[in-house]
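Database features, via TrEMBL:
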- 255-425: domain 'DNA primase large subunit C-terminal' (DOMAIN)
- Cys264, Cys344, Cys361, Cys401: [4Fe-4S] cluster binding site (BINDING)
- 437-485: region 'Disordered' (REGION)
- 444-470: compositional bias 'Low complexity' (COMPBIAS)
- 473-485: compositional bias 'Acidic residues' (COMPBIAS)
Amino acid sequence: HSLQFYLEPPTENISLVEFESFAIDRLKLLKVVENLGVSYVRTSDSYKTKLESELRKLKFPYKALAEDDYEARRKDHISHFILRLAYCQSEDLRRWFLQQEMDLLRYRFNELTEGLIQKFLEHVNLSFEAISEDLKNELAYELCTSTPGFNITKVKEQMFYKVALADAVDLFRARRVFIKDGFAYVPLKDIDAIVLNNYRTKLSKALALTARSLPSIQSDERLQPLLNHLSHSYVGPDYSVQKNTGKFALEQIDALSVKSFPLCMRQLHKALRDNHHLRHGGRMQYGLFLKGIGLTLEQALEFWKKEFIRGKVDADKFDKGYAYSIRHSYGKEGKRTDYTPYSCMKIIMSNPPSQGDYHGCPFRHSDPELLKQKLQLYKIPPSGVTQILELVKGMHYQLACQKYFEFTHDVDDIGFSLNHPNQYFAESQRLLSGGREVKKELGNSGNSQQKSNSQESMNSNSTPTSSNTTADAELEGLEAYFTED
C-alpha cells in the first residue's frame, strides 16, 4: 500500500546506486515537507498543492492506496527504511525524522476518501468501525453537544468512528469527544489525530530499536559512510564551523544586535548589558550563537569578562570559573567537542526559561502582553504586531520570527524558511550588504497563512528543525560547566 505505518522492512536486494538514489529523493521530499510546514498552515490549499507537486516530481505515491503505481510504492517503502537507518543515530536526528514523517502521513491520510480511510484503518490493525446511520441519528444530540463546532446538520453529514477510550485520551482530555460505555465517538475530522498518535508511538519505538542494531551496520564499510553522509546531507549549515572568524570587532556587537540579531539573541544581549550577568541557560544559548557568527575564543573570553566584571564577578572568579566553560564550548577543554549553536527547534523545545532567565524563544516562552510591548518598543508597526501575535497564538513560532525579520528589514518575502538563529543573522547580513535583492511589494496584506517563497530558495537556504547533531550526552557535559550562576 502507498499509505502505511512501515511495520515490515523490505527483504529484497538492491544496488548501492539505487540505495543512495532512493534515500536522497526521500530526503528531498522530507525537506520540502519541513519547509512547507514552517511556511504554510498545514491545512491550507497552498500546502497541499505544493506537497502533491513535489510527490509527483520525485515519483512518490501521491494518490493513496492506488494499486497501479508499484514502482512508486516500492520506492516509498524502501526509502523510508534507509532513512530510518541514517536518522536513528542521535536524538536530534530521530526527532527531525519523526516530525517530517508524521507530517507526510498526515497529508496522505487527509487525502483519503471515507471508504479508503476504513480500508487503511483495517490495513494498520486499528479496529475503528464507522457507526451506522441509525446509531448516529439516535446519538445525534449527544454528538452535537460533545463535538466542538458541530451542529445537527454537520453531525448528519460527518462519519463517526467508535474508538476505544484509550486511543482517544487526548480528545477526551480536551473535552472534544462524546464518550459512552468506554468508547469515544470520534468524527472523521479528528480521526487523524488518533492515527498520528499511534504512528508516532510505533515509529519512535522502531527508531530506538534500529539504533540498538547500529553496531552491526557500522561494521559494513560500504553502508556506514553513506548513512553518515545521508544523516548530514539536509541538516543545513553546521554553524560550529566558523566561516567569519574574527570578522566582527567586539565594538560592533551592540549595533549588530539591533540590526541583525533574531529577537531571542537581542533579548539576551540586552539582558547581559543591563545586568552584567546571564544565568547558565542564557550563557549557553548566547555564547554558542556568538561563536557561530564568528567570535574567536579570545574575543569571547574578552567579551564575557568585560561584561561580568562590571557586575558582581571579579576578574579572579571569572578566570577560575567562567573562562573554563567558554574554552570548553570552543572545544579546547574536556572532551574537546566543538559545540554547535542551538537551532530554533532546540531553543523552542528544550530547557524552558524560569524566573530570572532570559534564554528561550520569546515567541514561545514570553507572555503575549510582554511580547507585544517588546515588539512595539522595537518599532514593529501595529499591523505587524497583530500578525506576529496571531502566529504565536497558532503556535507558529518560527513563522512569527520570519515576520519579525520582514518588519525589521522592510521586506515582504524573505526567501528562506527560518530554522536557526545563526541563519537569521547570516541572511540579515547578506541582505544589508546588498548580497540579496528582496523588493518591497505594495499592497501586500501579509497573510499569515502563506509565504510566496520559491521552492528553489527554500531548498537552498532552509535549515531543518532539528539541532545540528551534537549528542545530548555531550551537551549535558557542557551544561555542567555552566551551572554556576
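Including glycine, each Cβ sits where the backbone N, Cα and C put it.
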Extra residues within 8 Å (Cβ to Cβ centroid of Cys264, Cys344, Cys361, Cys401), [4Fe-4S] cluster: Pro262, Leu263, Ile347, Ile348, Pro362, Phe363, Arg364, Tyr397, Gln398, Pro421
Residues near Cys361 ([4Fe-4S] cluster binding site) in space but at least six apart in sequence (CB under 8 A): Cys264, Cys344, Ile347, Ile348, Tyr397, Cys401
Rounded mean pLDDT for the residues that make up the domain 'DNA primase large subunit C-terminal' (255-425): 91
